Amino acid sequence: MNHLLSIEELSREQIEKIVDLGCELKKDRKASPQVLTGQQWALIFSKSSTRTRVSFEVGIRELGGSVMFLSSADIQLGRGEPIKDTARVMGRMIHGAVIRTFAQQDVVDFAQYSGIPTINALTDDEHPCQVIADLQTIKERLGGWQGKRLCFLGDGDCNMARSWIWASVHLGFELVIGAPKAFQPQESFMQRVPSGTIRIVDDPAEAVRGCDVVYTDVWVSMGKEAESADRIETLKPWQINSELLKHANQGAIVMHCLPAYRGKEITDEVMEAHADVIFEQAENRLHAQKAIIVEITRKS
Ligand code: CP
Ligand code: NVA
């Protein structure tokens, strides 16, 4: 394993190993293995970020490496230099790259042409680092995901929904995608998913019923701003509020990858009531991503 480009391409064993290592690394940040000593890493971001940027910058330094942040607007990539040329230049100077962009193919191409460890820090297709951190949170809070039911509410065709679908395929927990027809996973995507693994439900109460984890994400993902008004209108019934949560299992946890838009996908009341889990998810980005870096830089 030299890269982390998607949850789709991981195995159950690889996911479990990274999550376990993330739990281990969390116990003592000062004892982080210095696997990046002498290494220069770059964060190449074409979209905004708070958590991902901060957690990778801190994590890479804690592992002994140096890190530079490159907004695509500031490098020639933003003026149209091809990703494969950017990759070939950087591959000759740096030791690893963390990329946030639009097309999944761009992280695939960067990994191929740079020849250095490459991590997908969010594309339109997947957000693998977030799901690994969230699995760590579920393990800490619920003891694991085996036998648990998670529902993902709202935009069921976004990057987070897709990464959760692949996590369910590999790990075997029950996943319900709760979304209105217009926001259900696309047919072309579902053709890649083994049939019968996930349930798609278009009634909010029905989607939440019997769930141990109720998960949501922003209704307007980065790049979809032009569709804001339509999305907010169509997704209104899918807000996580205290009324809807009555249908979930007793003790169900609410999760959100953040940033959250209170009054849209989640109420302020629910956000605050479940803040300990939600901000633990954010913290776990640091530990989980250090584990990812340790795994992909491991000399076999
Ligand atoms: N959840 C997440 O990736 O947050 P940022 O966009 O702030 O990095
Ligand atoms: N689906 C969201 C996730 C943000 C972390 C987006 O792509 O904007």
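Here the Cβ of each residue, glycine as well, is placed from N, Cα and C on the backbone.
Note that TrEMBL annotation is computational and uncurated.
What you see is a predicted model, and the numbers here were worked out from it, not measured in a lab.
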Site co-member for L-ornithine according to TrEMBL, given Asp217, Ser221, Met222, out of Asn120, Asn159, Asn284: Asn159
Which of Arg29, Arg231, Arg285 belongs with Ser49, Thr50, Arg51, Thr52, Gln76, Arg100, His127, Pro128, Cys129, Gln130, Cys257, Leu258 in the carbamoyl phosphate site listed by TrEMBL: Arg285
Per-region confidence, the domain 'Aspartate/ornithine carbamoyltransferase carbamoyl-P binding' (3-140) (mean pLDDT, whole number): 98
Alpha-carbon spacing, Asn159 (L-ornithine binding site) to His127 (carbamoyl phosphate binding site), which is rounded to whole Å: 6
Binding-site residues whose CB lies under 6 angstroms from ligand 2, from Ser49, Met222, Arg285: Met222
Cβ under 6 Å from ligand 1: qualifying binding-site residues of Arg51, Cys129, Met222, Arg285: Arg51
Among Cys129, Met222, Cys257, the most crowded of the binding-site residues [Cβ within 10 Å]: Cys129
